[in-house]
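As structure tokens, the structure follows; a few thoughts come after it.
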Amino acid sequence: MAQTINLQLEGMRCAACASSIERAIAKVPGVQSCQVNFALEQAVVSYHGETTPQILTDAVERAGYHARVLKQQVLSSQQTEDRKPVFSAKLVTGLVISAVLFFGSLPMMLGVNIPHFPHIFHDPWLQWLLATPVQFWSGAEFYRGAWKSVRTRSATMDTLVALGTSAAYFYSVAITLFPQWLTSQGLAAHVYFEAAAVVITLILLGRSLEQRARRETSAAIRKLMGLQPQTALVKRGEHWETVAIAELAINDVVRVRPGEKIPVDGVVVAGNSTVDESLVTGESFPVDKTVGTEVIGATLNKSGSLDIQVSKLGQDSVLAQIIQLVQQAQASKAPIQHFVDRITHWFVPTVIVVAIAAFCIWWLTTGNITLAVLTLVEVLIIACPCALGLATPTSVMVGTGKGAEYGVLIKEASSLEMAEKLTAIVLDKTGTLTQGKPSVTNFFTLSPTSTEESLQLIQWAASVEQYSEHPLAEAVVNYGQSQQVSLLEIDNFQAIAGCGVAGQWQGQWIRLGTSNWLTDLGVTGTEHQPWQSQAQQWEKEQKTVIWLAVDTEVKALLAIADAIKPSSPQVVQALKKLGLSVYMLTGDNQATAQAIADTVGIRHVLAQVRPGDKAQQVEQLQQKGNIVAMVGDGINDAPALAQADVGIAIGTGTDVAIAASDITLIAGDLQGILTAIKLSRATMGNIRQNLFFAFIYNVIGIPVAAGLFYPLFGLLLNPILAGAAMAFSSVSVVTNALRLKKFCP
């Protein structure tokens, strides 16, 4: 059986580094798959056989990088922060020295004589002295990275920077040591110490800014982790004590006062309140909580005090599972990333070849070694595989994190990419378009009774039904509670299978059941036209009719059905506006299915479908060329969810359905479908923008650096500009990805 492990990686500088690690792990016997996420600095490895985590980390170490096993535990938000300072001592040193060198080189770069300029800065020996610590101390990480690539027979961005800056530095050293000889050969005795130092400093600065921006891409995870309270008020004997969350056990009872966060998942055993679940589930309205209802840890108790019996802790909690799913999605790769990986694998070697070719061409055609060295340095420095490597994962990280904020959990990056391409969506009726449980939809009484008299009938009905365990009885009780009636103590309760229930209140018999049963008991009015007409109308709508009689007289009718969710019609119309063909899937007969479909605005109805045939219906739509999403919540929906190109599970459904899905809507609100599709389109659009920026930057920058326009316009980049452009490219890609944080469905 295959196992999956997450590794935290250190030492990666660019996408080529990620490719090197991926290849190193893939060579380990027993490894089935490996995905390295450069932006997240993590690897997800599936393996079997005798392979162990230690063998995998050793493989990473041999490749020249560091790895440690990530334990699946919920960390505090502070622990997820990157402790590495944005402005390190090496960067500050580089900034100070580079500023001095740049200032000293201004007259040469501008080609003018500046009066009263301190000419000591022109001294190549001083420039050499100043540039050396930047080259070999501030820039030491580039040399270490380049040496790793030599050992592993690969090439990374560190290779390019080390080669480029070394060429400028050692060329300048040669000019400083042998100026007369070079001048006698007709070569310009210009040094480029400032170029080497400034390029290293700019790249270090770019990496620091990039690191800071990348930290923002994981803000959603830190926000989720920060929701978890650290302490709870727990009952110990006859006393209440404040303890750390880690000290709680299953079945402990905790008390949550108004305005406090609920510390754990559990069941209310005393009290009632409203709870704000928006930060966890995306549900915008407070949810009523009474005895017997479940609560989610990290949600906010609003109005009343609640005593909660702990049911889940640690990794079993809803919040922990949400965090784990978001991390899983952020560590995964979108299919488009595999295309980028193939390019970055050959990118650095290609750039080195182009740089050498530019050097040879300009030296052979002009005999100008300075020009040849400059083009070599500029090509090596301006090329940037980092921008390519960051283009996709940064957008995925922000997009999946944003989805979690709206209660949309995306398991894999591939689901984001596929959701953008959807052409059809299949909605299971029960539990998706409807509430998934019976509820009273209509109450009818013949005589013109007052509101008080109607409420009394509802109170009697709910009071009798409270003693029954039948699902229809629960619907009547819930209806009574929604009308805010209190339940009475009923005497002589009776339940007759297939007929109904009865009980006495103050000597009166109250009966609820079928018309035939009431007729057999001598109740009058069951055959009267007004009652029969209303009952027949509801039965045509596939509603269950319950007759309410007091003593020997019919008093009211109740209709019970699986009510349509209020948001269903609106969501269906919105899906159509997004260009999707909407289908309803149900086991109901055609007439019943069509009535519900007409109510919510669905034209395509797949009725009388047996549970085992749902996946086949999805497959038939796929065979017609559709990219299909399936939305469901039940066990019998799991095969169809797995068959669909994108399976979307309603979070209020079964664990089996959620496990088989690609996207989970935590709150169970259909609005989450729209959020998921709109988010996928926004994320994929952002990825394409990033890839365009990264590709166009390299496609234009490398030829310009190689001197393509020099013969026509005398245009040749300064190495400093090349370094600045390279640093800016990565920062711009990450900054563009951060725009997704403003996404609003």
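Cβ atoms are placed via backbone N, Cα and C, with glycine included.
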Check for me whether Swiss-Prot puts Cys17 and Phe713 on a single side of the membrane.
yes
Given 126-145, 486-505, 626-645, which one carries Swiss-Prot's transmembrane segment label?
126-145
May I ask you to indicate which of 6-26, 27-47, 153-173 is given in Swiss-Prot as transmembrane segment?
153-173
State the mean pLDDT for the topological domain 'Cytoplasmic' (146-152).
82
How many of the residues that make up the topological domain 'Cytoplasmic' (215-342) does DSSP mark as helix, as strand and as coil?
43 helix, 41 strand, 44 coil
If you count Cβ pairs under 8 Å, which stretch among 194-214, 373-390, 720-738 touches the transmembrane segment (688-707) the most?
373-390
Would you mind pulling the DSSP three-state label for Asp428 (active site, 4-aspartylphosphate intermediate)?
strand
Could you tally the C-beta atoms, other than its own, that fall within 10 angstroms of the C-beta of Asp428 (active site, 4-aspartylphosphate intermediate)?
29
Given the transmembrane segment (373-390), which of the listed stretches 126-145, 194-214, 544-564, 720-738 has the most Cβ pairs that are under 8 Å apart from it?
720-738
Given Asp428 (active site, 4-aspartylphosphate intermediate) and Cys17 (metal cation binding site), what distance in Å do their CA atoms have, once rounded to a whole number?
45
If you run through the domain 'HMA' (3-68) with DSSP, how many residues end up as helix, strand and coil?
22 helix, 24 strand, 20 coil
Summary of DSSP states over the topological domain 'Cytoplasmic' (146-152), given as helix, strand and coil counts:
6 helix, 0 strand, 1 coil
